[in-house]
Amino acid sequence: MHTCCPPVTLEQDLHRKMHSWMLQTLAFAVTSLVLSCAETIDYYGEICDNACPCEEKDGILTVSCENRGIISLSEISPPRFPIYHLLLSGNLLNRLYPNEFVNYTGASILHLGSNVIQDIETGAFHGLRGLRRLHLNNNKLELLRDDTFLGLENLEYLQVDYNYISVIEPNAFGKLHLLQVLILNDNLLSSLPNNLFRFVPLTHLDLRGNRLKLLPYVGLLQHMDKVVELQLEENPWNCSCELISLKDWLDSISYSALVGDVVCETPFRLHGRDLDEVSKQELCPRRLISDYEMRPQTPLSTTGYLHTTPASVNSVATSSSAVYKPPLKPPKGTRQPNKPRVRPTSRQPSKDLGYSNYGPSIAYQTKSPVPLECPTACSCNLQISDLGLNVNCQERKIESIAELQPKPYNPKKMYLTENYIAVVRRTDFLEATGLDLLHLGNNRISMIQDRAFGDLTNLRRLYLNGNRIERLSPELFYGLQSLQYLFLQYNLIREIQSGTFDPVPNLQLLFLNNNLLQAMPSGVFSGLTLLRLNLRSNHFTSLPVSGVLDQLKSLIQIDLHDNPWDCTCDIVGMKLWVEQLKVGVLVDEVICKAPKKFAETDMRSIKSELLCPDYSDVVVSTPTPSSIQVPARTSAVTPAVRLNSTGAPASLGAGGGASSVPLSVLILSLLLVFIMSVFVAAGLFVLVMKRRKKNQSDHTSTNNSDVSSFNMQYSVYGGGGGTGGHPHAHVHHRGPALPKVKTPAGHVYEYIPHPLGHMCKNPIYRSREGNSVEDYKDLHELKVTYSSNHHLQQQQQPPPPPQQPQQQPPPQLQLQPGEEERRESHHLRSPAYSVSTIEPREDLLSPVQDADRFYRGILEPDKHCSTTPAGNSLPEYPKFPCSPAAYTFSPNYDLRRPHQYLHPGAGDSRLREPVLYSPPSAVFVEPNRNEYLELKAKLNVEPDYLEVLEKQTTFSQF
């Protein structure tokens, strides 16, 4: 039986068709989604898929590649979008190579901040034709060359703050003809080259936190006629004659153009004062002011100028997807949160991430409105730039702040320097809550009540230099949470309590130089971001790293000079810390005071091994100063000393603060010292030589004795000289007197030894008691040939003696009056002569040579006296005849050893030996060249005693 299929109902058919349609729709949606994603990825590029998130808004793509650890740009690819912002901050880029951005033609904003970029090679920015903003902040750039920014012809905003730039070449910005905003704050610029901004239409320039001392008008300021905002704070301005042109130029521009203050750093007499409050006479007191005045022409109108509000209301530049528009206000320099360095001037971030509008334009003004209320003893003016009242009460002999009547209404700046204020009370500043600057320098403040500044919550600068403050405590700075600059130099501070600076977390500059500090408590700088610290001229011997130095992580300047640093093991940690500082951070040298081997030496030039032989075991953190007891101050400080506005003594005058000596004066002083040293050395040399010669002369004089010369009556030996060629006079005992014979200088009678004085009974010829032996001690050194009677008789048999006449007594020598006293008072009494001898023949030497006795046996008074025939001459030693003309002397003394005494009249025949010896031919006397004295033998019947006394000869002591 045939059965039929059940019929399909209409309902089922509709259900089937609907199911099929849903499947097709789902498949189409999935396919469309896949195709859309693929198209999107292909449209933005690989950089948005793998490396960085991308966001499109208002037709601009923002590519966020921040903090991705990117080392090289080759790790990413350019996005495929017409206009985009590329954010590469917080990476590890250290160098930009040529043509690295050649494919990034769509970039309008490029963030390269917070990298480690040290160099930008020529052509690195080629391809960035559409770039309008470039951020290079927080890198390590040191130089901006002429070709650094080639290819950035459309650049309008350039930020290169927080680098180490010290040199900018003259044409570095020459091709940036559209540049309007230039941020160069917090670098190491000490000057700007001429014509740097000649072709740059700058409207905003930030030069804060550099090392600028001058800004010349010619070549620099004259090209900045379009500037509407200028920031020059935190530079060491030298308020001298050269700054008059800057003062004139600032007076000629809009009142609102200068944001902040130009505060004088030098000279010391103007330290801490605003340039607009210093007169030209104070800037240039001794020169013609007109030579330095360079007034630019006043702009006709301010049309097109964009005026800004003060720095306190400026916004921070941040990354944004908004398109850059010229009418919008450019942002200020930024700082990444992970960077320790901060802005010197506080800047409040804007609520939105875009650009804030410029403030409304104001009419060009050159005079400030008249202030409403001002204390009677002070002068006041209103500053339009910050809408604050400046109260100037300097040098008004004010003894108390309460004397200021009427009270100024909400002053912005108060100058109370050079007064007699001794105490700061808690009620002194109750009505000054808006105070931004308070200058109490160079007063007599020794006491500040606790929380005296508690109401000054907006105070940024506080000057307490040049007072008598001895101790710092946390209560002293209570309420100063906005304080950025604190000047405490030239006080008597000996102690800083722990936590003193906790109430001032925003402190950036701290001057503690020229105090009596010897230690710093642990954690004293905890929580601070100090940029500049001055500890010069204190009593520090070392500073611990742990708890003190290691907390100074944001420093851009520190001064440790002129402290008695003890360069031993305790300072090794500080040395290592100093060596890790970047170039330019340490202001001056760190000179060792002890130990002596390192004195006046820079600590950095000494190896750690020399400072501490076992420095590897030394802990980097030296003992904390809390354990060091601060002794009483060693130097007395006179309370009546007046200090000038810098805190230095007022007696120093304009240049009193300069401790260095001018180079010309130093060179002249060194030259004078050198010349004096030469003269002193020459004088000492001459003195030493004279003393040496005197000592030698004294030694010679002690070995000399005076011997009197005398004339002896004698007869000339016969013969005319014999065959020997040497004439010997033959003595005749009878016959006519012969004329005087002139003997040579070496005749024996000119050589009279000292003991001849004993032939006379005059006491002047006697030897002094106790020196009878010493007088003849050196006789053997003369080596004079002598012979006894016994030897002569053996050599030649004398002729039979003639009849001897009656012997005449020996002649008595007479002294001139005063001769005895003269001999007693002087050792050198007669011209000095040298005695030369010739070695005698060995067969003529006497066997009786003795150092303790004088010549013996020379002329023995024997009984066998004989005469020598006429014409017969002895070969060497002629014997004296026993004639009346010959004298035989019998000594009346006995020559003994040193322990014996002389006794006249001794009976021993040995003692009757005469002291006169026969003349050896080898003995002669040579007079000195300075004196000439020829002794002549005279043939007289009686001796000439006056001539005997005049002709004296000095011989070496025997």
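Each residue, glycine too, has its Cβ placed from N, Cα and C.
Predicted, not measured: the structure shown is a model, and the values here were computed from it.
Taking Asn644, Asn703 one by one, Swiss-Prot attaches N-linked glycosylation site to Asn644. Asn103 is the residue among Asn103, Asn238 that Swiss-Prot labels N-linked glycosylation site. Below 8 angstroms of C-beta separation, residues 83, 89, 105-120, 122-123, 157-176, 183, 317, 324, 333-336, 339, 341 of the same chain, each at least six residues beyond the ends of the repeat 'LRR 3' (130-151), sit close to that stretch. Counting same-chain residues at least six beyond the ends of the repeat 'LRR 2' (106-127), those with a Cβ under 8 angstroms from any Cβ of the stretch are 60, 66, 78-79, 81-100, 133-142, 145, 147-152, 159, 319, 323-324, 334, 336, 338-339. Asn103 (N-linked glycosylation site) falls outside any helix or strand according to DSSP and counts as coil.
Cβ contacts within 10 Å of Asn103 (N-linked glycosylation site), excluding its own Cβ and spanning all protein chains shown: 12.
Look at the domain 'LRRCT 2' (563-614): DSSP puts its residues at 21 helix, 8 strand, 23 coil. Mapped onto DSSP classes, the repeat 'LRR 10' (482-503) shows 0 helix, 5 strand, 17 coil. Here the repeat 'LRR 5' (178-199) has long-range neighbours at 137, 153-166, 168-170, 172, 205-216, 218-220, 223-224, 231, 326, 330, 332-333, 341, 343-344, 556, 584, meaning same-chain residues at least 6 beyond its ends whose C-beta is under 8 angstroms from one of its own. Within its own chain, the repeat 'LRR 8' (434-455) is flanked in space by residues 261, 272, 386, 388, 410-426, 428, 461-470, 473, 475-480, 487, 639, 642-647, 650, which lie at least six positions past its ends and keep a Cβ under 8 Å from the stretch.
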